[in-house]
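For reference, Swiss-Prot has these:
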type	residues	note
COMPBIAS	243-253	compositional bias 'Polar residues'
COMPBIAS	291-303	compositional bias 'Low complexity'
DISULFID	Cys25-Cys38	disulfide bond
DISULFID	Cys33-Cys51	disulfide bond
DISULFID	Cys45-Cys60	disulfide bond
DISULFID	Cys67-Cys80	disulfide bond
DISULFID	Cys74-Cys93	disulfide bond
DISULFID	Cys87-Cys102	disulfide bond
DISULFID	Cys109-Cys121	disulfide bond
DISULFID	Cys116-Cys134	disulfide bond
DISULFID	Cys128-Cys143	disulfide bond
DOMAIN	24-61	domain 'LDL-receptor class A 1'
DOMAIN	108-144	domain 'LDL-receptor class A 3'
REGION	243-337	region 'Disordered'
SIGNAL	1-13	signal peptide
TOPO_DOM	14-169	topological domain 'Extracellular'
TOPO_DOM	191-337	topological domain 'Cytoplasmic'
TRANSMEM	170-190	transmembrane segment
Amino acid sequence: MWLLYLILGSVESQLLPGNNHTTECNIPGNFMCSNGRCIPGGWQCDGNPDCFDESDEKECPRARSRCGPNFFPCTSGIHCIIARFQCNGFEDCPDGSDEENCTAHPLLCSNSRFHCKNHLCIDKSFVCDGQNNCLDNSDEEHCHSPQEPGSEQDYVSSENQLLYYPSITYTIIGSSVIFVLVVALLALVLHHQRKRNLMSLPVHRLQHPLLLSRLVVLDHPHHCRVTYNVNNGIQYMSGQGYQQPVSVESPPSYTEAVLDHSSRPPWFDLPPPPYPSDMESVSQTELPPYRSRTGSSASAGSTEHPRGTPCGTESPTEPQDPTAAPSDDLPSTEVDV
């Protein structure tokens, strides 16, 4: 008989799960949930619900808080959240203790917070942010319309929305200052470079002789004649028909020529040649030859070019203007080029 009862009891304990849980819960140190499931006793009141009905986190003594003055301690005593997250419509604590008994604390729903229509309180920064923080969408109503007088809802002011504007302003000002400094430095470098170029110009100019300014470059044709006339300066005549003479820069004045000792030839200070006697001057019908400073003698008329020169065509001397001032009747010299 006793053997039969023992067999029936073992079969019943294996077929009925409730009895199995009861057997496990009889072990010292285990906790039985409200649905009959057993969990280790160390999981009870640890801040994490292990039972499906969360009965292991109910009626737990509040642990000693280790949070700072600006934080809210969760019921488990392990987690801490920012104080302003308490009663904001979201369960920030794992056990949801931050959203319990919110309406029972009038200080948590003071005028500094937003009152939802379902009697929840959230922070002002969550109003009109595009999210349903009140769980009834009351924090997203009338976001683009002006606030009605006497309404209990407070909306985020423009000052709260512009919290980050000072940093943006400082960034723009700093960028502008850096840009101005870079432009000023670039302008200073260009000015210094230009000043150096201007200072180096006179050095190159002094390296050339001073007489280069008196040089005349002539584009000689195949047949040409150049006439040097003291009164009219230098005249250029082409052999291919008479062209209008080109007036070139006149020779230097007498004072400049006398003072310019470097351009004097060696025979400049020699005495003049002897003049012929009166009888010889009467018998001669031609003027005495004129000796130029270069040492070559020429007659009063134009000098013929020797054969083989590129300019063999003679050109008459340009007639003088009768209205011009009287000169010393110095002869002109024609030199073939």
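First residue shown is number 1, and so on along the chain.
Using the three backbone atoms N, Cα and C, a Cβ is placed for every residue, glycine included.
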Requested in this report: Would you kindly give the Cα-Cα distance separating Cys25 (disulfide bond) and Cys33 (disulfide bond), rounded to the nearest Å?
Outcome: 9
Report summary line: Rounded Cα distance in angstrom between Cys67 (disulfide bond) and Cys128 (disulfide bond) is 31
Query raised in the report: So which of the disulfide-bonded residues is most packed in, judged by how many other Cβ atoms lie within 10 Å of its Cβ, out of Cys33, Cys38, Cys51, Cys60, Cys93?
Result: Cys93
Query - Summary of DSSP states over the domain 'LDL-receptor class A 1' (24-61), given as helix, strand and coil counts - result: 8 helix, 6 strand, 24 coil
Report summary line: Quick tally, other C-beta within 10 angstroms, Cys45, Cys143; top of the disulfide-bonded residues is Cys45
**Report entry** Confidence summary for the topological domain 'Extracellular' (14-169), mean pLDDT rounded
**Finding:** 72
Report summary line: By Cα geometry, the one of the disulfide-bonded residues (Cys51, Cys87, Cys93, Cys102) nearest Cys128 (disulfide bond) is Cys87
Query raised in the report: Can you tell me how the residues of the domain 'LDL-receptor class A 3' (108-144) break down into helix, strand and coil by DSSP?
Result: 6 helix, 4 strand, 27 coil
Requested in this report: Cα within 10 Å of Cys74 (disulfide bond) is the criterion; apply it to the disulfide-bonded residues Cys25, Cys38, Cys45, Cys51, Cys87, Cys102 and give the hits in sequence order.
Outcome: none
